[in-house]
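Pulled from Swiss-Prot, these are the features on record:
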- 82, 85-86, 92-95, 110-118, 122: 5-phospho-alpha-D-ribose 1-diphosphate binding site (BINDING)
- 82, 113: anthranilate 1 binding site (BINDING)
- 94, 228: Mg(2+) 1 binding site (BINDING)
- 168: anthranilate 2 binding site (BINDING)
- 227, 228: Mg(2+) 2 binding site (BINDING)
């Protein structure tokens with residue numbers, strides 16, 4: 001199906017099949033569509049609301065066209081990632097949590113990008129921390145194999161996205177592509193915590209990942225609007241495990257945590273996020289640093305559970321708490337910086 005035919009269907013509020021969506025996405029991602037057509041398609045999809053079949057089709061094409069990171073094994077390899085767009089401008093919780101996971105012995109293939117609507121994307125934070133981002137897929141794999149953690153800079157692995165960049169920027173609205181990033185990890189991880197910007201997306205995206213072969217995934221949105229587990233409110237979870245999806249609410253107290261305000265956790269730029277994370281993972285001398293540490297523990301604990309490194313969410317949180325207080329997570333971040341610095345010299349020689 002070509003994009004003009006797809007537009008006619010969408011205007012009539014009719015869904016595309018998975019294969020039809022694959023056809024259209026392939027045209028978009030290979031430069032066969034005009035920017036006007038892409039903008040109209042994205043806007044039409046948003047107004048109609050994307051079906052599970054359509055999201056599956058779009059994700060499968062993005063995965064096919066990605067510059068993949070080949071790992072020796074995907075057993076237990078985990079990613080913790082969010083769609084962004086929650087408007088809270090909280091520090092980079094998922095990225096900080098990734099280093100707790102690695103320090104706990106998990107293998108982490110972290111996928112992320114620069115900020116679009118927020119103040120600090122995962123790539124912005126890591127760059128501020130002195131971590132070199134422009135790695136080849138082979139170099140990322142070496143990071144993961146050697147350190148237990150590597151970062152896949154989305155724009156380096158999804159170069160075909162450039163064809164949709166202009167229309168997305170001009171629209172200035174959340175579109176289908178905001179959902180695709182967390183679902184298109186270039187290493188092909190089967191274990192994830194995926195934060196989303198609306199509770200209504202939790203079940204559908206869990207179903208998408210179920211159809212695409214994921215093993216253990218938590219798709220989450222908190223009642224106070226975050227695309228991650230919150231200390232200040234219950235969090236809704238759609239969990240895919242053993243081929244089945246269950247939905248439930250989690251209170252911080254259910255996991256041995258104390259409910260508290262998120263005041264003091266918003267940041268204005270990547271450097272501020274880094275300073276808060278340094279405090280949380282290291283010194284914890286400030287009230288906000290302690291609160292940030294607890295936010296990291298909550299989310300890292302969920303990812304330890306998704307990675308099957310813990311038997312329950314509560315056990316994952318307990319393990320994350322123990323690991324964070326060793327200081328090993330901050331050391332792991334510094335190790336990644338030193339390791340990638342060698343690749344920077346190689347690539348710029």
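Every residue, even glycine, has its Cβ placed from backbone N, Cα and C.
Packing around residue 228 (Mg(2+) 1 binding site) is summarised by its Cβ count: 25 other Cβ atoms lie within 10 angstroms of its Cβ, all protein chains included. Each of the binding-site residues 94, 95 was scored by the number of other CB atoms within 10 Å of its CB, and the largest score is that of 95. Around residue 113 (anthranilate 1 binding site), a 10 Å sphere centred on its CB holds 20 further CB atoms from the protein chains shown. Of all the Cβ atoms in the protein chains shown, 27 others lie within 10 Å of the Cβ of residue 227 (Mg(2+) 2 binding site). For residue 113 (anthranilate 1 binding site) paired with residue 94 (Mg(2+) 1 binding site), the C-alpha to C-alpha distance reads 12 Å.
Note: residue 92 (5-phospho-alpha-D-ribose 1-diphosphate binding site) has non-local neighbours 120, 121, 122, 125, 270, 273, 277, i.e. same-chain residues 6+ apart with C-beta under 8 A of its own C-beta.
When secondary structure is read from DSSP and collapsed to three states, residue 227 (Mg(2+) 2 binding site) falls in the coil class. All protein chains considered, the CB of residue 112 (5-phospho-alpha-D-ribose 1-diphosphate binding site) has 28 other CB atoms within 10 Å.
Within the set of binding-site residues 94, 227, 228, the entry lying nearest in space to residue 112 (5-phospho-alpha-D-ribose 1-diphosphate binding site) is 94 (CA atoms).
Annotation for residue 82 (5-phospho-alpha-D-ribose 1-diphosphate binding site): same-chain Cβ neighbours under 8 Å, separated by at least 6 residues, are 94, 182, 194, 195, 196, 227, 228.
Across the structure, residue 168 (anthranilate 2 binding site) and residue 95 (5-phospho-alpha-D-ribose 1-diphosphate binding site) are spaced 25 Å apart at their Cα atoms.
Of all Cβ atoms in the shown protein chains, 20 besides its own fall within 10 Å of the Cβ of residue 168 (anthranilate 2 binding site).
In the three-state DSSP scheme, residue 82 (5-phospho-alpha-D-ribose 1-diphosphate binding site) is classed as strand.
According to DSSP, residue 113 (anthranilate 1 binding site) sits in a coil region rather than a helix or strand.
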